[in-house]
Amino acid sequence: MKVWAQSVKSQRRHRQKDPTLEMELDQGKMDQEPGRPTWNRQIEFTLAGIGCAVGLGNIWRFPYLCYRSGGGAFLVPYLLMLLVMGIPLLYMELILGQYMRRGPVHALAKACPLLKGVGLATVAISFIMCTYYNIIITWGLYYLFSSFQSPLPWQSCNNTWNTPNCTDHINPNTSSHSSTASQQFFNYRMLERTGGVEESGVLRWELFLLLLLAWILLYFCIFKGVKSTGKVVYFTALFPYVILLALLINNVQLPGAMEGISFFIVPNWEKLLELEVWINAAAQIFNSIGIGFGSLMAMSSYNNFNNNILKDTLAISITNSLTSILAGFVIFSAFGYMSHLQNIPVSELAVDGPGLVFVVYPQAFATMPVAPLWAILFFFMLLCLGLDSQFAMVEVMATSLMDGFGGPLMKFLRHKEMLVLAVCSTAFLLGIPHVMQVGIYVFQLMDHYTAIVSLMFLAFFEVLAICGLYGVRRLSANLKEMTGNRPNIFFRVCWMFVAPLLITIILVFTIIQFKPARYEDYVYPPWAQGIGWVIAMASIIWIPLGALHTLWVLPADNGEEKKLKEIKIAVEAVQISQTWQNANTI
């Protein structure tokens, strides 16, 4: 015990004297791995990062949360959370990825062996999400191909799939049991959905082939790794902005558009007193930027070692939020137009989740001049946004497999292109249940337990591993070694106090306010909820398993190596308390 205490005191003395020396003692000098591929130009990483962060969530999740939270009142906590949590934590991930030159699994294993399972969990959650995220791209392709006709198929109720309660426009005198032509196209034409998860139905062959097409498009965009991805992002990351601006210019000229925009930018100050609004704002920052997914950490591992990562951090995070706000103007101007057509206030429109993209907005297209053109542009934009995010999630899996099993895999597969093909093929097969008639219920179940439950736990443990156990001092030393400059006081305070506190609050309220999965009025049976928790645990379980593995293999080592590992585990175990004790030296 005395030897252990003396070892810890020695480590603490080294830490007070020279953080870089501590890094060399506890971790060892990182090799630069000259053979690791890098981006051809640094702008390619920036664009790929923007493409990863800017996705479908900017188009539907942000406007939906803003709408539900009282419009402009949501922007206040959203921008505050971006400043004190979004930007600092993205900076943290990119520093670690660029310094370690590894994907999230091996980067976190080297940084914090006790919580190396966090890296495995980030890969697991990214892979799980990519299996069902491509379903949204599949739906977008279905709408895109359906838009090449006039009138649009969701424009009227004179179709074989429409029911007697179909109506072209909802108005105050319409029965509450009626549904719009747009809703029926989504539910009864594209999905042909069943009554619940108990009824699996049959395979929707149209959607199956479009899912296959989506994965083929994705594969040929990324099969060469960062070399091919870097070329594609020039188009997929930039073109959506051209379409968004075109849509905005068109929408603001529609009657009622200003009422929708006013709802978006004028705060309802009473909403700021509701804690849920602040929690939603913080959760949107995590979901939108992608903190906890490991995608951007994997991408940054291909940077040049001396790259100025702060510029990329600011470019990615600020562009992401500005895109959300731009999308807000586009969507809320359409809301104002819809409220004008239906003669009801903007606050009484029926808006819910993915229905924002595939029900409400297509319904607005149906009454616009040159409707097919705007529909084609909009759904092509969704395709670009979806592919960008998929690039990152698939790349996480491929990078982690190459980092851990590159030698054996290359002996068997011979080329990395075959590894990417294997990953895409596996994800495609796992996505087949989503293109059955029961698919929308499977999708909603997986999204609820992955994007809400798993992500909050994962983000909490990632912040604990890097900011707490690995330590702000080590992270600062890493940045100084790469760029010659330490992070300023703002980032160190956010890493040490603000971000851990906020993510803990978010996790606590996620647990307290947790509600079982549901889709519209359908409540999932208990056995389906149980499957949802199994899906959630498929990523979370790696965190305790990783810790147990680290503690299990420790006794197998002998001599000096065992002593060094004991010291490292001990230092990690007390790192959080030491960080607080030394806070006055920031």
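Any Cβ shown, glycine's included, is placed from N, Cα and C.
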Cross-link partner of Cys166 (disulfide, per TrEMBL) out of Cys130, Cys157: Cys157
Ranked first among 277-302, 358-387, 449-472 for CB pairs under 8 angstroms with the transmembrane segment (314-338): 358-387
Range from 45-63, 75-96, 117-145, 358-387, 532-554 with the greatest count of C-beta pairs under 8 A to the transmembrane segment (202-220): 117-145
Surrounding CB atoms that lie within 10 Å of the CB of Ser288 (Na(+) 1 binding site), all protein chains: 23
Long-range environment of the transmembrane segment (117-145) - Cβ separation under 8 angstroms, sequence gap at least 6: 56, 103-109, 190, 206-207, 210-211, 213-215, 218, 292-295, 297, 354, 358, 362, 375-376, 379-380, 382-383, 386-387, 389-390, 392-394, 396-397, 400, 423, 427-428, 430-431, 434-435, 439, 442-443, 446-447, 450-451, 454-455, 458, 461-462, 465, 535, 538-540, 542-547, 549
Leading stretch by Cβ pairs under 8 Å, where the reference is the transmembrane segment (45-63) and the options are 232-249, 358-387, 493-512: 232-249
